[in-house]
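Trainee: Dropping a structure here in structure tokens format, bear with me for questions.
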């Protein structure tokens with residue numbers, strides 16, 4: 001269940017921030033201008049702390065929305081759209097917050113490429129949804145399922161004659177109607193039948209807006225561009241800001257997911273704390289994901305502090321990896337139409353160009 005998965009994820013995500021704070025945050029000589037992590041916890045830096053915590057809250061909301069978006073529009077399209085929105089809005093904000101240390105003549109063409117990738121991502125999903133609908137409502141499949149009841153066991157389809165009760169085991173091939181039905185059987189959120197494309201894209205765009213705000217908020221927390229700190233109070237270090245950022249991300253995730261355990265959305269079954277604790281299905285992957293994401297965010301912020309947060313958004317290259325995961329492991333876009341493949345390749349090429357251009361725009365913070 002998404003609630004169980006995200007609760008596991010958020011625990012190790014916070015653990016990564018704690019590890020970074022007590023290692024990198026304690027390296028170097030402690031001074032009034034550059035205090036270490038422990039000393040900063042007792043300083044009067046609450047305006048910056050609040051910016052960091054706002055960043056953590058919007059990141060948590062974005063991550064939560066992304067979990068539900070995956071079920072509607074798939075891993076590949078979700079990641080490309082959310083990351084592209086993040087770059088278009090977040091990078092532009094960071095460019096001005098960082099006093100334009102990144103090369104505008106390179107940066108903004110890269111942002112434009114991300115914007116094109118968003119449009120292509122939406123088109124890919126629309127085309128693939130039409131392909132899936134054709135598979136599920138095709139003449140052959142319709143006749144088959146009038147007389148045969150599908151039961152899915154261990155990655156295979158058991159086609160059971162309803163009258164005779166006889167089953168024939170058949171491996172579901174990627175991209176077929178049987179595979180789509182098998183995948184739907186495994187989902188916690190049921191979306192193949194009767195769900196609107198606009199719901200999935202709406203959740204995806206909401207996640208993208210949330211993701212676009214967390215980096216500028218963190219930028220404000222560490223550099224105090226709005227002069228909210230009192231005179232003589234040093235700026236938050238990246239490590240201290242990341243600690244507060246992750247604590248707020250953790251708290252909002254716990255509150256929302258425990259609420260969703262007892263009051264689920266999108267027709268998910270109810271759960272409980274007891275059921276969550278005893279559910280070990282996929283827990284290892286969720287814990288690993290939280291740890292990797294936590295260290296990834298920390299490294300992104302370190303890079304942003306050194307070379308500009310706008311250029312650091314080049315880490316949004318992650319959809320390139322997630323797309324290959326989606327295709328190779330989860331069978332996304334298998335047996336789709338030629339139009340879908342052309343749109344998919346165009347989206348990825350535009351995305352690769354955008355990431356490269358964004359990296360080339362990096363500058364140096366004075």
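Cβ atoms here come from the backbone N, Cα and C positions, even for glycine.
Straight out of TrEMBL:
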- 6-25: transmembrane segment (TRANSMEM)
- 46-65: transmembrane segment (TRANSMEM)
- 71-97: transmembrane segment (TRANSMEM)
- 106-125: transmembrane segment (TRANSMEM)
- 196-218: transmembrane segment (TRANSMEM)
- 238-262: transmembrane segment (TRANSMEM)
- 283-303: transmembrane segment (TRANSMEM)
- 309-329: transmembrane segment (TRANSMEM)
- 341-360: transmembrane segment (TRANSMEM)
Trainee: Quick check: do the transmembrane segment (106-125) and the transmembrane segment (341-360) share at least 3 Cβ pairs under 8 Å, counting only pairs 6+ apart in sequence?
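Mentor: Between the transmembrane segment (341-360) and the transmembrane segment (106-125), which are separate recorded stretches, there is contact, as judged by 3 or more close Cβ pairs.
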Trainee: Considering only Cβ pairs under 8 Å, which range in 6-25, 46-65, 71-97, 341-360 makes the most contacts with the transmembrane segment (196-218)?
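Mentor: Looking only at 6-25, 46-65, 71-97, 341-360, the most contacts with the transmembrane segment (196-218) come from 71-97.
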Trainee: Counting only residues 6 or more past its boundaries, what in the same chain has a CB within less than 8 Å of a CB in the transmembrane segment (238-262)?
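Mentor: Contacts of the transmembrane segment (238-262) (Cβ under 8 Å, skipping residues fewer than 6 from its ends): 2-3, 6-7, 10-11, 13-14, 16-18, 20-21, 24-25, 37, 40-41, 48-49, 52-57, 59-61, 63-64, 214, 218, 221-222, 268, 270-273, 275-276, 294, 297-298, 301-302, 305.
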